[in-house]
Amino acid sequence: MNTVRVTFLLVFVLAVSLGQADKDENRMEMQEKTEQGNSYLDFAENLPLQKLEELEAKLLEEDSEESRNSRQKRCIGEGVPCDENDPRCCSGLVCLKPTLHGIWYKSYYCYKK
């Protein structure tokens, strides 16, 4: 009976000492995980910000392309069809209805003044 008590006491002491080591190890492991979790949270917070910045950069790039393409249209040369309501004939030209050879056409053309 004495050996049973000694064996039980020995097993109990080993369990407690190993349990403490596991507890310390678990605590350190939890600290590492929380530190990593914080870095993941920072990364997760920055990720949408990065996506928004990329989207903003794309939109600004499109705006700059639009501003490049929004320049005034080129003028229309002599003998080219034009719109009577919105003539874009070059300087020195006027948008007129064709005479003689172009009567059958239903559009206006740029002619010299």
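Cβ coordinates are placed from backbone N, Cα and C, and glycine is handled just like the others.
Looking at the candidates Cys90, Cys95, Swiss-Prot gives Cys90 as the cysteine bonded to Cys75 by a disulfide.
Comparing the disulfide-bonded residues Cys75, Cys82, Cys89, Cys95 on other C-beta atoms within 10 angstroms of each C-beta gives the minimum for Cys75.
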